[in-house]
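> Quick one: the structure is below, questions incoming.
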């Protein structure tokens, strides 16, 4: 027997030392920057700089609005793509893939071209008194473009994992398609949807490239981090960065723990 294999068994599977060692090294590699941040942060002189608290409020409030829009718009689209086959479906899938592949700065330029003051959509919105650049609607719009494709992909995979037979049984028992969606499809897809929501939240809250081009003002946490770095230096970045982690982590952790409990029961 190879020396790399441990005879101890966990959960019915043999433990392999080599994969465990590689996993530990990988984890250390990922955790390295955060360990370094904890070491260099001036904890005794921990304080915010001008504009930091406003950036925190802007990111938190607008990200919650963006997340609601992403869930409301992305869930029906994901279910439709998972449950229907039609001509031109490949084109919709290609558009979503293109949105995923486009670099954030490039996406910001595209949005500025479309929603800017002289763009086709921006000029129409301006006539109605809505500014789609450097405004709250622009900030939310940029976050949605940055996070919506990721949620759609995750939610679609979740719905595709729901057995169609169970949906058909619900329909034969007299449930309407709407009732079947809420009573069968959504509960069975909840774990994948939770992962999609967590991913969308982190993507929206941390979106920088698109927001930088379309909605430099009002400044959220990512843009304010960049401004502090340029104007003041690294010491001005650390406090805001810790707050970003505190704001970003609770929702994914809660959803992850809830999903884990669902798997156990």
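Here the Cβ of each residue, glycine as well, is placed from N, Cα and C on the backbone.
Just so you know, TrEMBL annotations never went through curation; they're auto-generated.
Straight from TrEMBL, here's the annotation block:
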- 56-255: domain 'ABC transmembrane type-1' (DOMAIN)
- 20-43: transmembrane segment (TRANSMEM)
- 55-82: transmembrane segment (TRANSMEM)
- 94-118: transmembrane segment (TRANSMEM)
- 138-159: transmembrane segment (TRANSMEM)
- 191-217: transmembrane segment (TRANSMEM)
- 237-258: transmembrane segment (TRANSMEM)
> So which of 20-43, 94-118, 138-159, 191-217, 237-258 is most in touch with the transmembrane segment (55-82), counting Cβ pairs under 8 Å?
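Maximum Cβ contact count belongs to 138-159.
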> Please check if the transmembrane segment (237-258) comes into contact with the transmembrane segment (94-118), where contact means 3 or more CB pairs closer than 8 Å and the residues in each pair are separated by 6 or more positions.
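Contact absent: fewer than 3 Cβ pairs fall under 8 Å.
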